[in-house]
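Below: one structure, written as C-alpha cells.
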Amino acid sequence: MKSEFVDRTFDADYIYFDILFLCIWILFLIARKKKLALLWSLIGLIVYYIVDYGIWYSWQGTRRTNCFVNPALLMFWVSSTPGVVHPAWVVMMFELTFLKETDNNGSSGTKIQISGDSDADSSNGVVAEKQPLSSEERTRQRILWTILFFSVQTIPAFMQKGFDWDNRTCKIGRHMGGNRWKMLLSLVIGYGYLCWRRIKVKDLVKLFLIGFIGEGIFEFAFYISGIRTGKIDVLLFDSAIEMNLGIPWMFLLWRWMLKKDQRPYYDEQYCVLKWLNSFKCWVTCSKNKRKKSSSSKPTSSDSEEVQLNNNQNSLDIEQQSSSNDELSNYTSSNSD
C-alpha cells in the first residue's frame with residue numbers, strides 16, 4: 001500500500017462529547033468492579049501517549065496537528081479513548097472467551113478467578129470470582145459490553161453534528177510512509193509467535209476477531225460520521241491490522257497475570273518446550289543406541305581373553321584324550 005496521510009477533521013464539540021462518554025465507560029468499569037480492566041486502561045493510556053506524543057509527534061514528526069488546543073494536551077486526549085477503552089474491552093473479551101466455562105448447572109471442577117463483579121481476595125492480591133460464569137452468562141456479558149463499547153466509540157462522533165456549541169475546527173493527521181508494511185510484518189511476527197507457542201487455530205481466529213472488531217468499530221465511527229475520509233481498503237486494513245499488532249502480546253501478558261492453574265488451555269511446559277523435549281528424547285535414544293552397539297563389539301582385551309579360554313579348552317581336551325588312551329591301554333594289558 002502506497003504512502004498516505006491519514007487524518008481526522010472535527011469540531012471542538014466532538015472533544016467534549018468524547019470525554020463525556022469516556023467518563024461513562026470508566027464509571028461502568030468502577031461500578032462493575034472491573035479492577036483488572038481498569039489496570040489495563042491505565043497501562044494502555046500510558047503506552048498510547050508515549051507512542052502518539054513521544055514518538056510520532058515529538059521524535060519522528062509524523063504526527064501533525066492544527067488545533068487550538070496545546071499539542072501535549074491534544075495528544076493526551078487522542079490517546080485517551082483508544083488507550084483507555086480498547087485495552088479494557090479486550091481484556092474483558094479475553095476473560096469471557098478463554099477462561100474455563102461451567103456446565104449448565106453452574107458447577108465447575110476448578111475455581112476460576114475473574115476480575116469483575118467480585119470481591120477482592122486479600123491473601124493473594126487477585127480478584128476472585130465467587131462462582132464461575134456459565135456459558136450463557138458469558139455470552140450475555142460479551143454482548144452487553146460490546147454494545148457499550150460500540151456506543152462509546154460511535155455516539156460522540158455523530159453528536160457533534162447535532163449540536164452547535166463550539167465550531168472551532170481541529171485537524172489531526174499522520175504520515176504513514178512505509179509503516180504499512182512494517183505493521184504487517186509486526187502482525188505476522190506476533191501471531192507467528194503464538195503459533196510457535198502451539199496456540200490452537202480456533203483460538204488464534206478468536207483473538208484476531210477481537211482485534212478486528214475493536215479497531216473496526218473505532219474506524220467505522222470515523223468514516224461514517226465524516227471525521228475521516230478515505231477509501232474502504234484503508235478502513236479494512238486499519239481494522240484488521242492496527243489493534244491486532246498488540247493482541248498477541250496482550251494475550252500473553254494477560255495470561256501471565258493469571259495463576260498457573262487458571263491459565264486457559266495451554267500448559268507452559270507442553271507448549272513452549274514440547275519440541276525441545278522431543279529433541280532431547282531423540283538425543284538420549286541415539287546415545288543409548290551407540291552405547292549398546294559399542295558394548296556389543298569385542299575389544300582387544302576381550303579377544304585375548306577369549307583366545308586364552310579357547311587354548312585352555314584345547315589343552316583340557318588333549319589331556320582328557322591322553323588319559324582316555326592310557327586307561328584303554330591299561331585295561332587291554334590286564335585283560336591279556
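For all residues, glycine too, the Cβ spot is worked out from N, Cα and C.
Please treat TrEMBL annotations as automatic predictions, because they have not gone through curation.
The following features are taken from TrEMBL:
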type	residues	note
COMPBIAS	114-125	compositional bias 'Polar residues'
COMPBIAS	306-336	compositional bias 'Polar residues'
REGION	114-133	region 'Disordered'
REGION	290-336	region 'Disordered'
TRANSMEM	14-31	transmembrane segment
TRANSMEM	38-59	transmembrane segment
TRANSMEM	71-91	transmembrane segment
TRANSMEM	208-228	transmembrane segment
TRANSMEM	234-254	transmembrane segment
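Tertiary proximity for the transmembrane segment (71-91) is limited to same-chain residues at least six positions away from its ends with a CB under 8 Å from its CB atoms, namely 15, 18-19, 22, 25-26, 29, 34, 36-38, 40-41, 43-49, 51-53, 57, 63, 65, 145-146, 149, 152-153, 170, 172, 210-211, 214-215, 218, 243, 247, 250, 254. With a threshold of 8 Å between CB atoms, the same-chain residues lying at least 6 positions outside the transmembrane segment (208-228) that come near it are 6-10, 14, 81-82, 86, 89-90, 93-94, 97, 146, 149-150, 153-154, 157-158, 160-161, 191, 235, 238-244, 246-247.
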